Amino acid sequence: QGCDPFAQTQRSKLQHRRARINQQINKEMRMRAGAENLFRATSNHKVKETVALELSYVNSNLQLLKEELEELNSSVDIYQNDSESISVPMIPLGLKETKELDLLVPLKDFISEHYGEEGILFEKEIKEFMELRQAMRTPSRNEAGLELLMEYYNQLYFLDSRFFPPTKSLGVFFHWYDSLTGVPSHQRALAFEKGSVLFNIGALHTQIGARQDRASLPGLNQAIDAFQKAAGAFNYLKENFSNAPSLDMSAASLNMLVRLMVAQVQECVFEKMTLLCTQHDFLARLQLAQEAARVEDVYSLVHQTMTQAHVKDYVPFSWTTMVHVKSEHFKALSHYFAAIALCDCPVASDAELPEQEKAFIQFHVTMPEGPSLRIVLQDPEERRKLGKAHLKKAIMKHEEAMRIHGLCKILRKMDILQEVLSFAHKRSLSKYSEIDHEEDFFETGDAPDIHPKTHQKPEIKSPNFSQVKVTDLFHRLGPLSVFSAKNKWYPARRVHLMRGENGFGFTLRGDSPVLIAGVIPGGCAAEAGLKEGDYIISVNGKDCKWSKHAEVVHLLKSTGEEGVEIGVITL
């Protein structure tokens, strides 16, 4: 459940293309490494020339593949919803791809060596784990897909405890491809596998957020929730997994992704406000303007982060451009709503004036030039003048957003974004011509920027791993408190005991597994070589690793004249 390996959706076709490009990049990089080694090793001039030519060919191939992958990462429109309404596209992430992994032999060997059990008896459990890993490579884009990834992530906790001792490697490599560059990485550490799955949990949340219909309130709330959870997954990854071998999981990259998700939440909050704002009064319009200024603020921060030296080389250019376009677009909207508040809303009555004045004092970053705010609020002509200044700035910013949008080939193909920008631009222009008087002889001033403020701060929601309950697939190996990869014990011994006058000559305590708490000197247990601290793992061939204290006592008491055979281990 939650897995659709054969789904022929647009999104899965993209993901298949990503897998193909990843494999080609891998092949070209291996060829490049070989050619570079040969170039360094040879002193023959002719060979050097041939290798240099081969290297330039491989490098140009790699460049083309990386550009193809960038275009793939820029196909944000495929992840959006199919509703008729026009919403600004959101940026989702593609899933990290991984190679198939065969754990059958390594785990069987480990079970034989470490646990002293027949490895072949655990083939069913190992295959079940491998099937789960195979399924989580193609999660469906919904709650079931998220649960599948979470289930696998939680199962890795048990795998780690059972099969990954702190001092020795299992000899298995985990291969994952970088989500943004397609470059392959591999590590023996299980932490890399965990981190990559966590990255995909975040990426799947971004895809779920992007596909919501944000023209409705439920859709907006779901998008906000999804982007907040995506931010939480990337943030958790940044704080708990360091030294990842791939760029997409570096601290700088994750920091950028957290900020991008927070900005997308803030944009949804603005859309929610416009949907809920049914009153067209002065204060509601001011609030919308401040909300838009807040969105501009967070997108500016994301743009700064994306253009930092060690991030800008691998973030798709279309993402950086889209974020820049959005920051200009929302700055324009903040000035547009300020103008609407001043020009379309009636002058305040004496009763409304104190509240409006209080809101207006905190509205601008710097005080507007000219008369006092109280006079501006009460004089329709002054309101028109300031509104005109805000509209002039809005139009400049709309034009800047459209100019930046035009610089990116991939964004130019995205009709929906073009439509949103041009609609907002035309709306501001028509408002400007409506309030512009022919006899205006004053120079339109420069409107101050609007103070950013939001009524709903984005939350970074950490992943809740406990919501998906899993049972340890390898629980037959025994309770983890004893039977784990980090503990070592001597080979199991079978001891035959006869009941004496004082019973078997030992006392027991604890559950799962039951522990020999004390051995009576001279008793038959002492003679058989049992020691305090030994664990009872079987009684007369019956496995007792998971048995409770009372069950083991009952089994011992029900033995007859022939005595009892118990299996014990010593840590």
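Every residue gets a Cβ built from N, Cα and C, even glycine.
Of the candidate ranges 27-54, 55-82, 111-138, TrEMBL annotates residues 55-82 with the feature coiled coil. Within the domain 'PDZ' (494-562), the DSSP-based counts of helix, strand and coil residues read 13 helix, 23 strand, 33 coil. Applying DSSP to the domain 'REM-1' (4-78) sorts its residues as follows: 64 helix, 0 strand, 11 coil.
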